[in-house]
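> Structure in structure tokens, see below.
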């Protein structure tokens with residue numbers, strides 16, 4: 001077996017670390033759903049970002065309790081910090097989906113609205 005200079009590098013299995021990509025996918029899906037909910041509910045300003053923060057914290061708690069069994073440092077190189085960190089991409093995804101759904105639901109009147117031309 002080849003030795004590495006960093007002794008902590010041997011504590012992590014490469015296939016398992018690569019499998020942690022699922023964590024990124026779960027965070028991405030959570031950001032999409034919370035953005036859609038914020039847009040549909042018509043949340044604006046800090047209320048929308050508060051929903052995003054609640055979504056990140058609840059998703060992190062579920063991953064902490066269910067997947068990591070209360071010991072994230074055993075499964076993730078970054079520990080709890082890696083669970084809670086939403087990532088820059090997920091924040092941008094949240095804002096994109098939030099504005100998309102807000103515009104669809106609360107934006108311009110529907111093109112199929114009946115116009116009363118008799119008046």
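Placement of Cβ uses the backbone N, Cα and C atoms for every residue, glycine included.
Those TrEMBL annotations? Automatic predictions, nothing curated.
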> TrEMBL tags one of 48-66, 67-85 as transmembrane segment - which one?
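Checking TrEMBL against the ranges 48-66, 67-85, the transmembrane segment one is 48-66.
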> Between 4-22, 23-41, which stretch does TrEMBL give the note transmembrane segment?
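Feature transmembrane segment in TrEMBL: residues 23-41.
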> Report, as numbers and ranges, which residues of the same chain sit near the transmembrane segment (48-66): CB under 8 Å and 6 or more residues beyond its ends.
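Counting only partners 6 or more residues beyond its ends, the transmembrane segment (48-66) has Cβ contacts under 8 Å with 23, 26-27, 30-31, 33-35, 37-38, 72, 80, 83-84, 86, 90-91, 94, 98.
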